[in-house]
Each structure stands twice: as structure tokens, then as C-alpha cells.
Amino acid sequence: MIEFLAASIRIATPILLAGLGGILSERAGVFAVGLEGMMLIGAFGAAIGTAMSGGDALAGLAIALAGGALAGLVVAIVAVRFRADNMVTGLSLNIVAVGLTSYLMRILSASGQPMAIHNALLPVMPIPLLSDLPWIGPLLFAHPPLTYLTIVLCVLFTLLLKRTEIGLTLRATGENPDVVFASGLNPLKVRMLAVIACGAVAGLGGAVLTTQQVGTFTDGMTSGRGYLALAALIVGRWTPYGTAAACLVFAAAEALQYRLQGFGIPVSSYVMQMIPYLIGLAVLAGLGRNAHLPAAIGRPLDRRL
Amino acid sequence: MSEGSTMAAAPPPAHRLSRLRLSWRRLSLRLGRIGLGGQIALALVLSVICSAVLILLAGKNPGLAFLAIVDGAFGSPHQIGTGLNRATPYLLAGIGVAICFRGGIINLGSEGQIAVGGAGAAAAALLTPALPAFLAIPLALAAGAAAGALWSGLAAAIHLKRRVHEVLATLLLNFVALLLVQQLLAGVLGQTGAGFLQSPLMPRNVWLPKLAGWDAHLGIVIAVAAAALSSFLLWRTPFGFGLRVSGASRLAGAYAGFSLPRLTWSAMLLAGALAGLAGGIEILGLHHRLIEGFSLGFGFKAVTVALIGAIEPVAIIPAALFIGFLETGSLAMQRQIGVPTALVTVIEGLTMIFVLVAMSGRRR
């Protein structure tokens, strides 16, 4: 049971990181459909960065962060600056990300085949003492480093959004940009920065896949996790803890699938894989009218510079 | 030039500020003068330039690579036929996406709708093996369109009844649809012992006939006809008018007495039916069996095509042909020059981004 829950936490990590990034973007009023592409670029950056630097995972993470931020910058320019439709902008970023990562993987190796990368996975780092606690120890304190980072970020983002002026400005930009403008700040700039930060965090989420779970980059390896993150952050009502809970439920469904197959229970893996999406749809449908979207989300801002 | 001190007062008129510096606004005003067609052409040129840089990055000659694409796309009747076949599903699904776009509905679910449509057509074809072709083909295509409409109807229902944003509903249903088709192929529709998820080969009488002298099948004719009909629907009927008015302004649409839910239902069902038809045509015309992942990426390309075609059904014809031939040609580029075909996806995505920027000045 503990093992199953711990596995859920590990599977939830990349989705939650992307979701946390998405919260920044959506709270500032920009739909985060581009999460999938940001994750993919982050995953690619981490794999390439680690391999090129001779196995330095930190270099990989830095490149993932930078790559994600760059993807965020593109969305910021097109969707915020040029007021293009958020959804379609995000979608185009996802397409560019698929093409670009796959293309670069091939031209980086001379043979025209995808470059072969095998990085060492980030090791599990049990926290001394705490990890010896019964139940909670193996569940919360025996994970690879990025999982800890995600948990910390989850708490930090909650504090940031609820208790700081930055968070207030961010939320106000998503709810009523005119108020932000009236208070002497530039909502356009807030949105752009939020989307860039969203890209950086989501890129880190993608890096979890390559540095902590797989060790190599394959084409389109995010396979819908970005969209799941998007669903999770809405199900979690744009709060870090709520999003974390939603990600854990999605991840538990995936972990359960491996379990059941391991026990030889004849369960269709296709149906099991549908479960996160169905849960997402069901919860979204259940939230229905009560779901409170940031009021100004998706609404383009005038250029008041 | 006293900007700093007037911050607290009312913001100065935008036109005066925009004269002060070379602003984004000024840039887009300039672009506005070349018309929508010109803007889209410019977007295409820009994305081709970007891809030329990427080809240089690979240490290859962009000129040769583009020549190889043209040669690979138009070098022989066979290749032209392949390009036409390739363009067909993009055209059909793209029309559906465009109709939704016109009504302010963003339907990103073509991928799932195509997959389900293909499954519907395959099921109908496999269930009625003995019918003559003139009955079997329309029946299978109708089943495909119905299945696609069912799937988009599901998204429309979730959107309208439960107020879930249509992008999320359609996106999430894509994944469900792809898995559903895999489940069908692993079960009732599947061919046992194939080693690969696929249905048995369909009886020859449901194969779409080829156009005389070409390798292209009938699909492209159906798709072009659908484009013409959709254009008529959009510009010459009350339904099209209501859709465009409501798309431009929900308020104006409601005030003019158009029912938004009804328009949304019609647009979504129509888009789903077109995408389902695309799936059916792909199965009956090209693969002659249902195979796993046959629709992978189609839905997103449909959005690309709809945007390049300025969300106008007839203009989507050249847009779909462009993408279709680009993809066919890129195979030759990979073979002859060694530039990976993934470049095409980059071109598609970049074109979308540039078109979005180019269109940003105007309202849909």
C-alpha cells in the first residue's frame, strides 16, 4: 500500500510541476494549453543538457528551465503581446515542440536516427531520520530530489499566491487587469512574466521525465501529461494543493494499472489509461457552473504601453 | 514627452504614443495593409525561412532540400496522387474546425473524431460484407460521419450542459477516443495474431474507387465538394449568418435572436461529422483496414490547415493541398538530402504561430 502511494507520488511529480506552472499562467489570465509543449521542451533540454555536459544533471535542469522559459516567452509574445487566441497559441506551441525536439534529436546524431542518450537517473535521496519513520517515512521522505522540490514548490506557490503582494498582483491580473493598471502596474508585463515563469516550471516538470524516470528522450514522450496537468489544475480549482490532489488521483489510476497487471488480473490497459481523462472530465462536469475561472482569463489586454 | 509624470492621470491617447516609437501596434498596422491573404502568405514565408535556418543547422543545403520537397511532391502522377490523398482528411477536418471557429467555438477534438469515425466506418464495412459497392461505401461513410458526430456531440453536451470549456472537453475526449479505438482493435474489431493492433482487411467492395489515371481516391472529390457546400452554408444561409454574428459577438447574436446553444450544437455536430467522414475516407480509401493510431496528429493539423486557409472553407482547399504535398515531398527530402521529416511539423507549428500573429490585428 505504502509502495503504491509512493509510486503515485513519483508518477504525479511531473504532472504536478507542470500544473503548478499552469496555475501561474492561468491565475494571471492566460490559458495554459501550451503546457504539453513546454514540458516536452524541458524534457528534451534536460536530456540533451545532461548528456552534453558529461552527465551533469544540474546543467540539464538549467537547460530545461531555460528551454521552458523560452517556450513561455513565445506564448507570451504571441498570446499576450499580439492578443492571439490563448488556446490556439498553446496548441501551436505544442506542435512546434513536437517537431522541433524530434528534429533536433535526429540532426544531433549524424546518422539521421534519433540520437541515443542514456543518462543516469537521479538517485533516490532518503532524508536521514525522517525516512525511518514508519508509514510516513517511505511515503514522503524517500524520493528523488525533484519530487522534494515539487512538494516544496507546492507549499511555496500557495504562500506566494495567498500571502504576498506578487501573488495578489498576479491574481488581480487574472481577475481584473484594469485594477492592476489603475494601481500603476502594467498587467501586460505581469501576464508575460507569469507565462514565462509557467514555461520554466513546466520545463522542469518535463525534466522530471528524462532525469528521474526514463533517462533518455523519446519523441513525444510527454504523451498527454501536459493536457492532464491542465485538467488537474482546473479540477484543483487553480490552487496548488487542489492541483496536487488531482495529480495524485490521476497518478494513482496509472499506478493501479501497473499493479493490477502485476497481479495478473486481466484488466484492459486501454480502459485503465482512459481513467485519468475520464476522471478529469467527470470532475470538470461535476464542478459545472460552480467552477470559478479567473474572471479575465483568455481576454486579451489592450496595449497600454 | 511628459509620460512619467502623467502616470496617475488618465492614460494619454494610444495614437499619440504609438507615433513615438516603433511599436508592436505600428508593426501590425503596417501588416494590416497587405490583406489577410498577404498576411498568411507572409506567415508561410517566415516559417519557411525559419526552417531554412534549421536545415542549415543540420549542415544541409536548404535550397536543395526544398527542391527535393517539390520534386518529391510533384515528381510523378503517383506522388501527386499521394499528396491529394494526404490532403483529404486535413481538408475535411479543417473545414469542420473552421466552421466552429467562425462561431467562436474552438474545437480541438478532430483527432478523436477522426479516429472514432474511422472505427465507425470500419465496423459498418465489416458488418455488411455482401453489399454491392454503391450501397456499401455510402453506408460505411455515413457510419463514420455519424460516429464522428456522436463524439463531437459528446463534447458539445459536456460543454453546454455542464459548462466545461470546449477546448478541455474536446482535448480530453481525444485521448479517450484514441484509447477507445485501441480497445476496439484489441477486442471486437481486431484481427487476432496480427502482432499489431489492426482490423481484418475490408472486403474489396467498400474500397473507395480511384480516380481514373491517378493514385488518388475519390476522397479528395468528396472533400472539395464538402468545402464548396460548407462555404455556401457559411455565407449564404441563415445558419451561417447566425454563426458568424454569434462568433463575432455573443451579445449581438443573442440580441438578433440566434440561439447560441443551438448554433453550438449544429457547428460541433457538423464538424464531428466532417471529421468522422475524414476518418472513414482514410480507412476506406487508403488503409482498407482500421489500424491503430491512423489519425495521430490529424486533429492538430486540421487546426493548422483551418488557420492557413483563413477559416474560409474554400480557401482551406489550397491550405490542405499545401500541407498534403509538403508532407509527401518531405519524405523525398529525408531520402535524398537526409533532412528529417520532423521538419514539416516545425513548419506547420511555426506557420500557425505566425498566422496567429498576422491575424492578431483583426477580429474573426
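Using the three backbone atoms N, Cα and C, a Cβ is placed for every residue, glycine included.
TrEMBL lists A:6-24 (among others) with the feature transmembrane segment.
What TrEMBL lists as transmembrane segment is A:31-52 (among others). Counting same-chain residues at least six beyond the ends of the transmembrane segment (A:31-52), those with a Cβ under 8 angstroms from any Cβ of the stretch are 14, 18-19, 21-22, 25, 59-68, 70-72, 75, 86-87, 89-91, 93-98, 100-101, 104-105, 108, 117, 119, 198-199, 202-207, 209-211, 216-217, 220-222, 224-227, 229-230, 233, 297-298.
The feature transmembrane segment is assigned by TrEMBL to A:58-80 (among others). Nonlocal intrachain contacts for the transmembrane segment (A:58-80), taken as residues 6+ away from its ends with a CB within less than 8 angstroms of a stretch CB, comprise 21, 25, 30, 34, 37-39, 41-52, 86, 89-90, 92-93, 96-97, 119, 188, 191-193, 195-204, 206-207, 210-211, 300-301.
Tertiary proximity for the transmembrane segment (A:87-105) is limited to same-chain residues at least six positions away from its ends with a CB under 8 Å from its CB atoms, namely 31-38, 40-41, 43-44, 48, 71, 74-75, 78-79, 114-115, 217, 219-220, 226, 298. TrEMBL lists A:87-105 (among others) with the feature transmembrane segment.
Annotation source TrEMBL lists transmembrane segment at A:135-161 (among others).
For A:193-215 (among others), the entry in TrEMBL reads transmembrane segment. Non-local neighbours of the transmembrane segment (A:193-215) in the same chain are 10, 13-22, 24-25, 27-28, 30, 32, 34-35, 38-47, 50, 57, 60-61, 64-73, 75-76, 79-80, 117-122, 144, 146-147, 149-150, 153, 170, 173, 221-222, 225-226, 229; each lies 6+ residues outside the stretch with a CB under 8 Å from one of its CB atoms.
The transmembrane segment annotation in TrEMBL covers A:227-251 (among others). Below 8 angstroms of C-beta separation, residues 7-12, 15-16, 18-20, 22-23, 26-27, 32-33, 35-36, 39, 153-155, 157-158, 161, 202, 205, 276-277, 279-281, 283-284, 287, 291-292, 294 of the same chain, each at least six residues beyond the ends of the transmembrane segment (A:227-251), sit close to that stretch.
Sequence annotations record features per position, and here TrEMBL assigns transmembrane segment to A:263-285 (among others).
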